[in-house]
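The active site, GMP-histidine intermediate annotation in TrEMBL covers 110. Sequence annotations record features per position, and here TrEMBL assigns GMP binding site to 83, 84, 85, 86, 90, 110, 111, 112, 113.
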(Lines of atoms letter the chains of each structure in order from A and count residues from 1; the text may use other names and numbers.)
(Lines give C-alpha, C1' and ligand atoms only; values in the text may rest on other atoms or scores of the structure.)
Protein backbone atom coordinates (compact mmCIF):
# COMPACT_ATOMS: atom_id res chain seq x y z
CA UNK A 1 0.00 0.00 0.00
CA UNK A 2 1.16 3.52 -0.70
CA UNK A 3 1.05 6.69 1.36
CA UNK A 4 0.36 10.17 0.00
CA UNK A 5 2.80 12.99 0.77
CA UNK A 6 1.73 16.38 -0.59
CA UNK A 7 -0.23 14.72 -3.41
CA UNK A 8 2.62 12.34 -4.32
CA UNK A 9 1.83 8.63 -3.99
CA UNK A 10 4.82 6.92 -2.34
CA UNK A 11 5.36 3.17 -2.09
CA UNK A 12 7.93 1.91 0.43
CA UNK A 13 10.09 4.07 2.67
CA UNK A 14 10.14 7.69 1.46
CA UNK A 15 13.54 9.22 0.71
CA UNK A 16 13.29 12.91 1.56
CA UNK A 17 15.36 14.25 -1.36
CA UNK A 18 13.41 12.18 -3.92
CA UNK A 19 10.04 13.16 -2.39
CA UNK A 20 11.09 16.82 -2.51
CA UNK A 21 12.06 16.40 -6.16
CA UNK A 22 8.72 14.70 -6.91
CA UNK A 23 6.79 17.52 -5.22
CA UNK A 24 8.66 20.02 -7.41
CA UNK A 25 7.76 17.98 -10.52
CA UNK A 26 4.10 18.01 -9.45
CA UNK A 27 4.09 21.82 -9.33
CA UNK A 28 5.06 22.39 -12.97
CA UNK A 29 2.94 21.87 -16.04
CA UNK A 30 -0.29 19.95 -16.37
CA UNK A 31 0.57 17.12 -13.99
CA UNK A 32 -2.21 14.63 -13.27
CA UNK A 33 -0.30 12.56 -10.70
CA UNK A 34 3.21 11.91 -9.42
CA UNK A 35 4.18 8.48 -8.07
CA UNK A 36 7.31 7.14 -6.38
CA UNK A 37 7.82 3.39 -6.60
CA UNK A 38 9.52 1.67 -3.63
CA UNK A 39 12.89 1.68 -5.45
CA UNK A 40 12.91 5.49 -5.82
CA UNK A 41 15.89 7.74 -5.30
CA UNK A 42 16.89 11.24 -6.38
CA UNK A 43 17.54 11.74 -10.09
CA UNK A 44 18.79 14.73 -12.08
CA UNK A 45 15.45 16.41 -12.72
CA UNK A 46 12.90 13.69 -11.93
CA UNK A 47 13.28 11.00 -9.28
CA UNK A 48 14.52 7.64 -10.54
CA UNK A 49 11.78 5.13 -9.79
CA UNK A 50 9.20 7.85 -10.28
CA UNK A 51 6.27 8.32 -12.61
CA UNK A 52 4.99 11.75 -13.63
CA UNK A 53 1.66 11.61 -15.44
CA UNK A 54 0.93 14.65 -17.61
CA UNK A 55 -2.25 15.76 -19.34
CA UNK A 56 -1.55 16.90 -22.89
CA UNK A 57 2.14 17.69 -22.64
CA UNK A 58 5.55 16.05 -22.78
CA UNK A 59 8.08 16.13 -19.96
CA UNK A 60 11.34 17.98 -20.75
CA UNK A 61 13.27 15.22 -18.94
CA UNK A 62 11.36 12.20 -20.15
CA UNK A 63 9.56 10.89 -23.20
CA UNK A 64 5.80 10.60 -23.49
CA UNK A 65 2.82 11.73 -21.50
CA UNK A 66 3.07 9.04 -18.81
CA UNK A 67 6.77 9.42 -18.05
CA UNK A 68 8.29 6.44 -16.28
CA UNK A 69 11.82 7.31 -15.20
CA UNK A 70 13.25 4.11 -13.83
CA UNK A 71 9.88 2.40 -13.49
CA UNK A 72 8.57 -0.71 -15.25
CA UNK A 73 5.22 -0.95 -17.09
CA UNK A 74 2.88 -3.27 -15.18
CA UNK A 75 -0.48 -3.50 -16.96
CA UNK A 76 -2.76 -6.38 -15.87
CA UNK A 77 -1.26 -9.61 -17.21
CA UNK A 78 1.89 -7.88 -18.50
CA UNK A 79 5.11 -9.77 -17.81
CA UNK A 80 8.20 -7.99 -16.55
CA UNK A 81 11.66 -8.53 -15.11
CA UNK A 82 12.93 -6.78 -11.98
CA UNK A 83 16.60 -7.13 -11.15
CA UNK A 84 18.21 -7.06 -7.74
CA UNK A 85 21.83 -6.25 -7.02
CA UNK A 86 24.63 -8.68 -7.83
CA UNK A 87 24.16 -10.12 -4.34
CA UNK A 88 20.38 -10.40 -4.37
CA UNK A 89 17.60 -12.23 -6.18
CA UNK A 90 15.79 -11.03 -9.33
CA UNK A 91 12.19 -11.80 -10.25
CA UNK A 92 9.88 -12.31 -13.19
CA UNK A 93 6.54 -10.65 -12.44
CA UNK A 94 3.07 -10.17 -13.87
CA UNK A 95 0.97 -7.04 -13.36
CA UNK A 96 -2.21 -7.51 -11.32
CA UNK A 97 -5.68 -6.31 -12.24
CA UNK A 98 -6.08 -4.37 -8.99
CA UNK A 99 -7.24 -0.95 -7.86
CA UNK A 100 -3.79 -0.18 -6.46
CA UNK A 101 -2.12 -1.06 -9.77
CA UNK A 102 -4.57 1.27 -11.51
CA UNK A 103 -3.68 4.00 -8.98
CA UNK A 104 -0.01 3.34 -9.79
CA UNK A 105 -0.85 4.03 -13.46
CA UNK A 106 0.19 0.44 -14.16
CA UNK A 107 3.80 1.11 -13.17
CA UNK A 108 6.12 -0.73 -10.81
CA UNK A 109 9.76 -0.83 -9.73
CA UNK A 110 12.62 -1.52 -12.15
CA UNK A 111 15.04 -2.74 -9.50
CA UNK A 112 15.91 -2.46 -5.84
CA UNK A 113 16.88 1.23 -5.92
CA UNK A 114 20.04 2.86 -4.64
CA UNK A 115 20.59 3.90 -1.05
CA UNK A 116 24.10 5.19 -1.73
CA UNK A 117 25.52 7.15 -4.66
CA UNK A 118 28.41 5.79 -6.71
CA UNK A 119 30.77 8.42 -5.30
CA UNK A 120 29.64 7.82 -1.72
CA UNK A 121 30.30 4.09 -2.15
CA UNK A 122 33.55 4.16 -4.12
CA UNK A 123 34.99 7.63 -3.60
CA UNK A 124 36.60 9.59 -6.42
CA UNK A 125 39.24 8.25 -8.77
CA UNK A 126 42.16 10.47 -9.75
CA UNK A 127 43.08 9.02 -13.15
CA UNK A 128 46.45 10.80 -13.21
CA UNK A 129 47.64 9.21 -9.96
CA UNK A 130 45.48 6.08 -10.36
CA UNK A 131 44.38 6.48 -6.74
CA UNK A 132 40.90 6.52 -5.28
CA UNK A 133 40.05 8.73 -2.29
CA UNK A 134 37.09 8.41 0.04
CA UNK A 135 34.38 5.82 -0.30
CA UNK A 136 32.41 3.85 2.28
CA UNK A 137 32.65 0.36 0.75
CA UNK A 138 35.86 -1.63 0.36
CA UNK A 139 36.57 -4.26 -2.29
CA UNK A 140 37.06 -6.80 0.50
CA UNK A 141 33.58 -6.08 1.91
CA UNK A 142 32.01 -6.45 -1.51
CA UNK A 143 33.88 -9.63 -2.45
CA UNK A 144 33.04 -11.23 0.90
CA UNK A 145 29.32 -10.43 0.56
CA UNK A 146 29.19 -11.79 -3.00
CA UNK A 147 31.10 -14.94 -2.06
CA UNK A 148 28.76 -15.53 0.92
CA UNK A 149 25.76 -15.25 -1.43
CA UNK A 150 27.33 -17.92 -3.65
CA UNK A 151 28.04 -15.79 -6.71
CA UNK A 152 31.21 -15.91 -8.82
CA UNK A 153 32.36 -12.33 -9.45
CA UNK A 154 34.55 -11.11 -12.32
CA UNK A 155 35.37 -7.42 -12.43
CA UNK A 156 33.01 -4.89 -10.80
CA UNK A 157 33.55 -1.89 -8.61
CA UNK A 158 32.19 -1.14 -5.16
CA UNK A 159 29.82 1.43 -6.69
CA UNK A 160 27.68 -1.57 -7.76
CA UNK A 161 28.09 -3.65 -4.59
CA UNK A 162 25.02 -5.06 -2.79
CA UNK A 163 25.58 -2.51 -0.01
CA UNK A 164 24.51 0.40 -2.23
CA UNK A 165 21.04 -1.02 -3.00
CA UNK A 166 17.86 -1.67 -1.05
CA UNK A 167 16.88 -5.31 -0.54
CA UNK A 168 14.65 -6.29 -3.47
CA UNK A 169 12.32 -8.31 -1.20
CA UNK A 170 11.50 -5.16 0.81
CA UNK A 171 10.87 -3.14 -2.34
CA UNK A 172 8.61 -5.85 -3.79
CA UNK A 173 6.68 -6.13 -0.50
CA UNK A 174 5.62 -2.50 -0.92
CA UNK A 175 4.15 -3.41 -4.34
CA UNK A 176 2.49 -6.73 -3.51
CA UNK A 177 -0.95 -5.35 -4.45
CA UNK A 178 0.26 -4.36 -7.93
CA UNK A 179 2.24 -7.38 -9.11
CA UNK A 180 2.51 -11.13 -8.82
CA UNK A 181 5.93 -12.78 -8.52
CA UNK A 182 6.06 -15.72 -10.94
CA UNK A 183 9.72 -16.76 -10.67
CA UNK A 184 12.62 -15.97 -8.35
CA UNK A 185 16.08 -16.07 -9.95
CA UNK A 186 19.40 -16.36 -8.10
CA UNK A 187 22.54 -15.13 -9.86
CA UNK A 188 25.40 -17.59 -10.19
CA UNK A 189 27.92 -15.24 -11.76
CA UNK A 190 28.45 -11.55 -12.40
CA UNK A 191 30.81 -10.11 -15.04
CA UNK A 192 31.30 -6.37 -15.46
CA UNK A 193 34.03 -3.82 -16.06
CA UNK A 194 36.49 -3.57 -13.19
CA UNK A 195 36.92 -0.58 -10.91
CA UNK A 196 40.27 0.28 -12.50
CA UNK A 197 38.76 0.79 -15.96
CA UNK A 198 37.90 4.35 -16.99
CA UNK A 199 34.20 4.90 -17.64
CA UNK A 200 33.42 8.37 -19.02
CA UNK A 201 29.81 8.04 -17.85
CA UNK A 202 30.72 7.43 -14.21
CA UNK A 203 34.11 9.07 -13.58
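All positions are counted from 1 along the displayed chain.
Glycine is treated like the rest: Cβ placed from N, Cα and C.
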DSSP state at residue 111 (GMP binding site), helix/strand/coil: strand
Rounded distance in angstrom between the Cα atoms of residue 90 (GMP binding site) and the residue listed as 'active site, GMP-histidine intermediate': 10
Number of Cβ atoms other than its own within 10 Å, given for residue 113 (GMP binding site): 27
DSSP three-state assignment (helix, strand or coil) for residue 85 (GMP binding site): coil
In the chain carrying residue 83 (GMP binding site), residues 6 or more apart in sequence that have Cβ under 8 angstroms from it: 90, 110, 111, 112, 168
Neighbour tally for residue 111 (GMP binding site), based on other Cβ positions within 10 Å of its Cβ: 23
Non-site residues, in chain order, whose CB comes within 8 A of the mean position of the CB atoms of 83, 84, 85, 86, 90, 110, 111, 112, 113 at GMP: 39, 82, 88, 165, 168
Densest Cβ neighbourhood among 85, 90 (binding-site residues), 10 Å radius: 85
